Amino acid sequence: MNTTPFHSDPPPSRIQRKLVVEVVEARNILPKDGQGSSSAYVVVDFDAQKKRTSTKFRDLNPIWNEMLDFAVSDPKNMDYDELDIEVYNDKRFGNGGGRKNHFLGRVKIYGSQFSRRGEEGLVYFPLEKKSVFSWIRGEIGLKIYYYDEAADEDTAGGGGGQQQQQQQQQFHPPQQEADEQQHQQQFHPPPQQMMNIPPEKPNVVVVEEGRVFESAQSQRYTETHQQPPVVIVEESPPQHVMQGPNDNHPHRNDNHPQRPPSPPPPPSAGEVHYYPPEVRKMQVGRPPGGDRIRVTKRPPNGDYSPRVINSKTGGGETTMEKKTHHPYNLVEPMQYLFVRIVKARGLPPNESAYVKVRTSNHFVRSKPAVNRPGESVDSPEWNQVFALGHNRSDSAVTGATLEISAWDASSESFLGGVCFDLSEVPVRDPPDSPLAPQWYRLEGSGADQNSGRISGDIQLSVWIGTQVDEAFPEAWSSDAPHVAHTRSKVYQSPKLWYLRVTVLEAQDLHIAPNLPPLTAPEIRVKAQLGFQSARTRRGSMNNHSGSFHWHEDMIFVAGEPLEDCLVLMVEDRTTKEATLLGHAMIPVSSIEQRIDERFVPSKWHTLEGEGGGGGGGGGPGGGGGGGPYCGRISLRLCLEGGYHVLEEAAHVCSDFRPTAKQLWKPPIGILELGILGARGLLPMKAKNGGKGSTDAYCVAKYGKKWVRTRTITDSFDPRWHEQYTWQVYDPCTVLTVGVFDNWRMFSDASDDRPDTRIGKIRIRVSTLESNKVYTNSYPLLVLLPSGMKKMGEIEVAVRFACPSLLPDVCAAYGQPLLPRMHYIRPLGVAQQDALRGAATKMVAAWLARAEPPLGPEVVRYMLDADSHAWSMRKSKANWYRIVGVLAWAVGLAKWLDNIRRWRNPVTTVLVHILYLVLVWYPDLVVPTAFLYVVMIGVWYYRFRPKIPAGMDIRLSQAETVDPDELDEEFDTIPSSRRPEVIRARYDRLRILAVRVQTILGDFAAQGERIQALVSWRDPRATKLFIAICLVITIVLYAVPAKMVAVALGFYYLRHPMFRDTMPTASLNFFRRLPSLSDRLI
């Protein structure tokens, strides 16, 4: 065993960190004093230190502007500390009837949200409830920041306890000071005294997957006292992947004196490793030193498994030393040089001026200027922003400049320019206010100035910022013609409604009189809304009045702004040729909206003949069109706002809210997504003489919000570092992120080439722990006709920020998944599939009209529009999923078979004892069963998934797929393959259908045998069964039930020496019962 001597503790640090909480104001707090007001004060609790502000007398919008400072005992673990801020109403300033200070709200902030001094800003936090039944409103404005200051050794070592004691004295009443001091001396001795305390026994610290199970006292103890030796058992990843010593251990103490032998070098940013490499540390009393045992363990799917990456972005679980860039703390800040060019004035005569922007690394030109009507050409306007990549080293270079010059597009003559020193360009970081544009005098060479060719001013602003800047989404990164298709963009899906059309009755129809005898006219109503159409069944005729009745519902999908018209056509289909009897056009915007099941009155609409423009409500004379009167039709129309219009597959749906906003419930949290970048993308196109290239961008979809990152051109390892947020209304939803190759940026308006899919991932929100950052790398997998192919990897950081209390989140699990109308008036499965296809087309058409457009192929891929297509591979995957679900039953049957065969006599005897206890005390059966489930859940906690799972190729049966099955999966409908190929596939499908047919027949036969027990199809078998049942009845009446249960159980568990290898008499009796199989033709 190799041993390594321990090192002595490092000297105490002379740097002390302070946390400052500036309580600014509160707004719209709840009145609690019984007189319509509140006298509020704030209590701040951090690291066992409490402080309070002054009380503001009777003010619902109090302003404090008070600063409270706290000592940070462990700066390295500050990100995991909690800052509790509570607002109370002071009972002393009330009406005298209160016994305690009333609670007005609370805010809980984690240390990862603290900012360094100089980067803080005023942030308003909504006040939260303490319990489900609390009534809280309002918000509180805070400034929170920290700073480090120098402190002497006494202050750093022993001043913490004294300062904490003083803070406790400041908050608590004087009568509690003595008790507090005694309590602190008892449980928090100074460090000088702690060094003399002998250890009672070695502590046991288990570090598992980034979680530390250790008391706070033991953590403080390890900082000042030498620990026993450490034996480390580590499961490391494969050799080609490195893991640093501090990965996935956010709570690990960096000052720990023990060091394992030969530690690997620390990982660099962006390094990846398989999750989870498990490290367990057990402290034992052995000689100094430690052993390391490495066990290589590969993930189940190899290179197709998601991995944890170590990033500089920080956020929680991958690194300890991180900087918070609130609220964009999931991605790395990328600096850009922003140049906003607004307009110019007093320019020399020109036709179409433009601006050139030049640095040492970039050269771009603006679009041609726009001159307002009525203004001279010497005052052009551009209103354009450029975002050029910038590094700190660019500003540090001596003489680095930014040149902005104006030029005449027709003659390419120089109109003047401005030069900036990059070292003097200001740095802007939101929430700083935007820099106001300023006028700069255009300059040129000395000859140009003397000749008068250079004149005028240009209005612009220059600053250095990051991708957080509000000007970044609309900024131009280059002057290429296709730059509009490379910008980032946020889209919103259209608001979709279900349009319910109830066709009731039609009167005064002009039916042809020359019908054959005894022939009833076949009258149908066809409804059409855009590309959607539906037709009713044959109407029933009333012989007395000559009217036709249907009472049939048709449902369509209508999208805002509701500009379409609903067209109703009454057709006579008695003959082969359909005859139009009349039509009516109804604007969708005029249809009544409802959000519940209330009754909507019907209206009569006039039917018009050829040339009519529309039908209005009323009687025969109430039409407003220009065509002849052809009858009238009674309709009940309404826009259903109580349904959720499904445009996604139900199993990957990201939103279940109804259309009507009045029915929305408050959000339960915020989903934050940081799209870091991609690695190892494959070439998707060839340009510049056959050189492979990829122009990748990402699309993320959750709820009604779509986001699109900017396109990184000609890069196989693009880095986006863009962060987006969504409000979460239901945790049982799915976030979808896709990667595409941009083809539209190279095509003109006449040649619209679709973008190529690279891959996508799905993350279910319910699998994320609250307020925890997951920074992972997921493989991008695409199923091609040649098989499964890995197109690269995407790196994302995701966090489900859940500020609400736990009951608010858990209450969502007990609520219905879909809105109320889906259960009161449910829609059929086939009808939902048709409506989903229509909704997908409408969303795709809506997003295709945006700039830059989101292509229909992108929308269909993100919405899984082809998820219901036939595939032999999917059928096999679903079959094995069923087998996996029933595996527990198979395992239980095998376990019982091993028990009854006495494979393990000790276990069988224990089962006998447990069976006796349960039979004699039947009240313990149900509690024992639930206790067993609890134990199973606790046991499987060790094997819980540590990161959100990605696409599983083994579950999808995509590892080894038959080429012909893949070709069949990608075949169109109707098929485009040769007849002999289709015939071979049909024969193969028939063979599979025979197996299914046989299994269904066997199931039916077993059920029919059960029915034959009392159906007298076999008289002798029925007589025997009735006689056996009579004997069992007499025995159960005469013998106690417990005795019968014990006898049956012991008979079932009897030793194999008392068994017969032949089937039992009861099984033979059941197999001899007749079924209906012999009656099949």
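Keep in mind that glycine also has a Cβ here, set from the backbone N, Cα and C atoms.
Of the residues proposed, E332, E351, E474, the one Swiss-Prot records at the same Ca(2+) 2 site as D408, S413 is E351.
Sorting the domain 'C2 2' (318-440) by DSSP state (H, G, I as helix; E, B as strand; all else coil) yields 8 helix, 49 strand, 66 coil. The most densely surrounded of the binding-site residues E351, D408 is D408 (count of other Cβ atoms within 10 A of its Cβ). Applying an 8 A CB threshold to same-chain residues 6+ apart, the list for S413 (Ca(2+) 2 binding site) reads N350, W407. Shown for the domain 'C2 1' (1-124): DSSP residue counts in helix, strand and coil, namely 12 helix, 56 strand, 56 coil. Across the domain 'C2 3' (477-605), the DSSP tally of helix, strand and coil residues reads 7 helix, 63 strand, 59 coil. If you average pLDDT over the domain 'C2 1' (1-124) in this model, you get 80.
Across the domain 'C2 4' (652-778), the DSSP tally of helix, strand and coil residues reads 10 helix, 63 strand, 54 coil. Apart from E351, D408, S413, the Ca(2+) 2 site neighbourhood in this chain, defined by C-beta within 8 angstroms of the site C-beta centre, holds P349, N350, S352, A353, W407, A409, S410, S411, E412, L415.
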